[in-house]
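One structure is given here, and the rest of the page talks about it.
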Amino acid sequence: MRVVLLGPPGAGKGTQAQKLSEKLGIPQISTGELFRSNIENGTKLGLEAKRYLDAGDLVPAELTNQLVDDRLSEPDAANGFILDGFPRSLQQAKALHEMLERRGTDIDAVLEFRVSQDELLARLKARGRADDTDEVILNRMKVYRDETAPLLDYYRDQLKTVDAVGTLDEVFARALCALGK
């Protein structure tokens, strides 16, 4: 099963991706983790990404796409994966489609984790990160909405909405149900 998780910062995508990965026996692929592991391992792409990150710049989409494409080529992803944090834009969604088309496959499901803005604010403030001021959090939510709205339409045929308010187990049960598991 090939699954994309969408949702704003604080919706619990990473936590649910980990639980789904364990339950379904397929890898969780997080762009943040791809950056970290490639940088730690000193790969060519990792070193290139590090240059951007060290300068405080965003890593170009083409570089992120290449990291994801390389990761999807690994044997453990042959029978499925859970993408957490990718795609973030329509351009990346189209690039992902091309990556999978070359492999003769496609996305099976897209789960959108939905949480109210008030709940997200409360969750993100509770994390206690120094940079999580109301202004920063609200801006991250706006960026998410602006970038993700086109993705919801792009994936409309595979899209399932999951109410992400509740205990971890309640949200997990809803996610499994949305996947038909």
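Even glycines carry a Cβ here, placed using N, Cα and C.
Feature annotations, reproduced from Swiss-Prot:
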BINDING   Gly10, Ala11, Gly12, Lys13, Gly14, Thr15, Arg127, Gly166  ATP binding site
REGION    30-59  region 'NMP'
BINDING   Thr31, Arg36, Asp57, Leu58, Val59, Gly85, Phe86, Pro87, Arg88, Gln92, Arg129, Arg140  AMP binding site
REGION    126-132  region 'LID'
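Recorded features from Swiss-Prot, shown on the structure.
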| residue | record | contacts (Cβ under 8 Å, 6+ apart) |
| --- | --- | --- |
| Gly10 | ATP binding site | Val115, Leu120, Arg123, Leu124, Arg127, Ile137 |
| Gly12 | ATP binding site | Phe113, Val115, Ala164, Leu168, Val171 |
| Lys13 | ATP binding site | Leu5, Leu6, Gly7, Asp84, Gly85, Phe113 |
| Thr31 | AMP binding site | Thr64, Leu67, Val68, Asp84, Gly85, Phe86 |
| Asp57 | AMP binding site | none |
| Val59 | AMP binding site | Phe35, Ala49, Tyr52, Leu53 |
| Arg88 | AMP binding site | Glu147, Thr148 |
| Gly166 | ATP binding site | Arg174 |
Local confidence of the prediction over the region 'LID' (126-132), expressed as mean pLDDT: 71
Long-range Cβ environment of Thr15 (ATP binding site), under 8 Å and at least 6 residues apart: Leu168
Surrounding CB atoms that lie within 10 Å of the CB of Arg127 (ATP binding site), all protein chains: 10
Among Ala11, Gly14, Phe86 [binding-site residues], residue with fewest other Cβ within 10 Å: Gly14
